[in-house]
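**Q** Structure incoming, see below.
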């Protein structure tokens, strides 16, 4: 099963200059909880923004250029990335924008954090048809001392 996990501000903004323009430790904990012990697939720019392999997960990076870091597995295509995951029960696609776009048609599940923030961004989550997805989980949280904005965790499954 292929799943996409992303945090989206208003207008599906997911990043600005290769970073996330908000401070939400609760979202990072949600991300870790849902990706731990699963393969994670990302693009080269996402890999560079993280700067290190995510522990407890097989890290796979899609890039047209050969990678030099042997702590992760480098592949050149979506199909190679899927093959590199072997018989994993769930593959977690963690970004960025182009990688989400390539995997969305193959995805069975979306783990989305909707952030109540209007921020400028240069990277967006791809547009998806809400009629193709059913919300199976939703949990709202107000902003607090640790989290800069209110947010809602949602899990969608393809109908």
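Easy rule for this one: first residue shown is 1, then count along the chain.
Any Cβ shown, glycine's included, is placed from N, Cα and C.
Since we're looking at a predicted model, the values are computed, not measured.
Swiss-Prot lists 5, 27, 52, 57, 113 with the feature substrate binding site. Positions annotated as NADP(+) binding site by Swiss-Prot, on the basis of similarity to another entry: 7, 13-19, 45-46, 63-64, 76, 95-102. Taken from Swiss-Prot, the feature domain 'DHFR' applies to 1-158, supported by sequence analysis.
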**Q** Which site among 15, 97 has the most other CB atoms no more than 10 Å from its CB, taking these as binding-site residues?
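**A** Answer by Cβ density within 10 Å: 15.
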**Q** If I take the Cα of residue 97 (NADP(+) binding site) as reference, which of the binding-site residues 5, 27, 52, 57, 113 has the closest Cα?
**A** 5
**Q** List the Cα distance (Å, whole number) between residue 100 (NADP(+) binding site) and residue 5 (substrate binding site).
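**A** Checking the Cα atoms of residue 100 (NADP(+) binding site) and residue 5 (substrate binding site) gives a distance of 9 Å.
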**Q** In whole Å, note down how far the CA of residue 52 (substrate binding site) lies from the CA of residue 18 (NADP(+) binding site).
**A** 15
**Q** When a 10 Å sphere is centred on the Cβ of residue 5 (substrate binding site), how many other Cβ atoms does it contain?
**A** 22
**Q** Mind giving me a neighbour count for residue 57 (substrate binding site)? Other Cβ atoms within 10 Å of its Cβ, every protein chain shown.
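**A** So the Cβ neighbour count for residue 57 (substrate binding site) comes to 16.
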**Q** Counting across all protein chains present, how many other Cβ atoms fall within 10 Å of the Cβ of residue 27 (substrate binding site)?
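**A** Around residue 27 (substrate binding site), other Cβ atoms within 10 Å: 21.
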